[in-house]
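Q: Dropping a structure here in structure tokens format, bear with me for questions.
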Amino acid sequence: MMGEGMEEGWVVCLLRKCRNLKPTKQIHGHIVKTGLHADPFVFGKLLLHCAVSISDALHYSLSLFRHFPNPDTFMHNTLIRGLSLSQTPLLSLHPFIQLRRQPTLYPDSFSFAFVLKGVANSRQLRPGIQLHSQAFHHGFDTHIFVGTTLISMYAECGDSLSARRVFDEMSEPNVVAWNAAVTAAFRCGDVEGAGNVFGRMPVRNLTSWNAMLAGYAKAGELGLARRVFCDMPLRDEVSWSTMIIGFAHNGCFDEAFGFFRELLREGIGTNEVSLTGVLSACAQAGAFEFGKILHGFLEKAGFLYVGSVNNALIDTYSKCGNVAMARLVFQNMPVARSIVSWTSIIAGLAMHGYGEEAIQLFHEMEESGVRPDGITFISLLYACSHSGLVEEGYSFFSKMKNVYGIEPAIEHYGCMVDLYGRAARLHKAYEFVCEMPVSPNAIIWRTLLGACSIHGNIELAELVKARLAEMDPDNSGDHVLLSNVYAVAGKWKDVANIRRTMTEHSMKKTPGWSMIEIDKVIYRFVAGEKPNEVTKEAHEKLREIMLRLRVEAGYAPQLRSVLHDIEEEEKEDSVSKHSEKLAAAFGIAKLPKGRILRIVKNLRVCGDCHTVMKLISKIYQVEIVVRDRSRFHSFKDGCCSCRDYW
């Protein structure tokens, strides 16, 4: 027979090995049978495991807590902590209030730190101020742990003055508090203030330097980030990952790849974060060849046994235009497929227009026992939208709430508006927006305005733009969309009025650009940019291509794709210089015959470019994959995978 202490230790050891709820329940049953469920130490460890250590058991911890006769402060704190990290962090207030109402119990520093974290994660300033007052009342306002969390809470809620005041009132802030003050300044958009705090720090640790790197990268201050990186006395995996991800997210893909190559040269061990970061860069840039090389590296280094790396590979191949490779990675995963894995492949099929296949995979996911979440349904609705599956989309929207109990978020409503809008059911889309149980935001109205622009509905476009003007009057994209509707209808006076308004309010249209990867180098083309050796070569090849398309395929430019009131000859010249045409021409000039041209564009492909890509694929016998703002187009033998539905 085991002694009581040995039995307790054995149970705690078993709990540490549990990775999900099912074996945890079995251990709970054993605890009840042996009578250890009344032991506060054992019960507290079980509660902590369910609330914090495993991801799918918070509801179980709430049930456990309710059935324990006299939960102590540690148990209350465990529940506060678990809820603060959940999808509903503000609910962490409930066990805190329960704790405050107990006559024999008092909140400690952990109680305040955890509940403040919950308020910070929910970005609710009012309860945060009330908690600050209570912390002061209990004498914890000067506690370094609570004070540091207060700084973070005020920063997350956008109150930079209060965050700074809490820091200034600390008598002896440690390096953690200084780091919190730096992060708080960045969080509130005060880049200069963050630099000043960093400059005054008496002691800096690696976290201090990494906080500066992350802050500058997120703010787009890449030059300052590079300077900090060069000045660092010591770098770790986080430092390298921050630079890779930061440069990638700011569109500097070559630099991101450069940091990754340098990381390998330095002999520093790559980790999950740096690898998923560089895969993210490949995905955003459409760098298929670099992604393939990275895939080989991951296989040799044994990283394919990490679930998140597989998920990133699926996303990378999907966004690089090779959904077949994405499916192969998904099918051959050596680890269990998570909800993220299923959602990633469904999203990949969706962006390539394989709506029926995405639906089939969703059903396979259901049969495998994996429960879909809200993000899965966004991908599924997106798949229906881009394949014209209107009735199926509505069915899944209903199923989400009625079968799975998932309350639609604003993104799901946006998907439904897009679903109806793309199918030219504009009045149905408008009715849907007007009947939404939540107030439609600017993105919802903008989605409808985009549909009006595609289908040329002037009356509804004007109505929708009026709504947007109340919400976001200075958004240049909204003005451009309405201008496009007028231009297609030939209402040049209205176009001129909108352009004048944009000029008066210093609004600038987002320039169209396209990128293509050749020999693991990313080339970027912008219509109207200053000539250089690359653009000169692209223009020369494009002139040759356009002439051949006219002669051999009878091509005539679609001048309605040029949305300016200019002479026909100028329109023809303008439409022939769109960035995706230049990228395709450069690809044909540089890539060997038989290689797929993979192009990434930041805006929606226009009708003329879509026609040209189809003709090039036929005349030059080349496959062209174009990723525009919302989906993929695979051009082959004169046809497009979108079936002209985009």
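Just so you know, glycine gets a Cβ as well, placed from its N, Cα and C.
Residues or ranges marked as repeat 'PPR' by TrEMBL: 205-235, 236-270, 338-372. The feature domain 'DYW' is assigned by TrEMBL to 554-646.
Have a look at these and tell me how they're positioned relative to everything else.
A: Secondary structure of the repeat 'PPR' (205-235) per DSSP, as helix, strand and coil residue counts: 23 helix, 0 strand, 8 coil.
Across the repeat 'PPR' (236-270), the DSSP tally of helix, strand and coil residues reads 26 helix, 0 strand, 9 coil.
When the repeat 'PPR' (338-372) is classified with DSSP, helix, strand and coil residues number 26 helix, 0 strand, 9 coil.
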Q: If I take every residue in the repeat 'PPR' (236-270) and average their pLDDT values, what number comes out?
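A: Residues in the repeat 'PPR' (236-270) carry a mean pLDDT of 83 in this prediction.
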